[in-house]
């Protein structure tokens, strides 16, 4: 009985020692808490945290006012492609003419912010391989609001057709979000490019032409008789009728004289 109790005590002691050893190993393997450890554990899925630097305060406010930040965060949470942002600094907004930003309609402000976002993640080396037109979140499937991106030495030149800029050192470079500071606000050509001239008004329709009587074409070498005026022809007919009546009256008078002479001779 005493031997059994001793063996049970030894078994319990071994189990306790094993549990203590496992806990010690787990504690040793757990990373130390701190900012660096937290950043490595969680991918960047909040654009506001990625733009925590004070130099992006105006851009963050514009993201919030247009509610594009909510859209971006939703895409970062559920996206296989990731996103890239060209983030204008406060100095970039200071370079804009006064009233330009506030002069845009709410829809145009949304387009301006979406124009700063590319619909996939690009590292700086990946951007350097691009050469030509690149869509933005404002482009849709294959629409306007695009960039012309080309390599420029060890950097990348981004052109909108209105202005161009080089990219600063990324403030977020881990998938799914890359953020590059820019010292100019990207101005899309569709909003800030020259507007086409207003077309001239259509000319007034020409007045309808009055119908004219067709003139008879004269045959070559054959003279046509003059066309008498209606009034002249009428006067001529009246004169001929009067003359014919006068001649008839004279004939009747002459026949009367001859008849009278014949009758006088008889008697």
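Cβ coordinates are placed from backbone N, Cα and C, and glycine is handled just like the others.
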Among ranges 151-195, 196-240, whichever one TrEMBL labels region 'Disordered': 196-240
Helix, strand and coil totals (DSSP H, G, I; E, B; other) for the compositional bias 'Pro residues' (196-206): 0 helix, 0 strand, 11 coil
Helix, strand and coil counts within the domain 'FAS1' (43-186) (DSSP): 46 helix, 34 strand, 64 coil
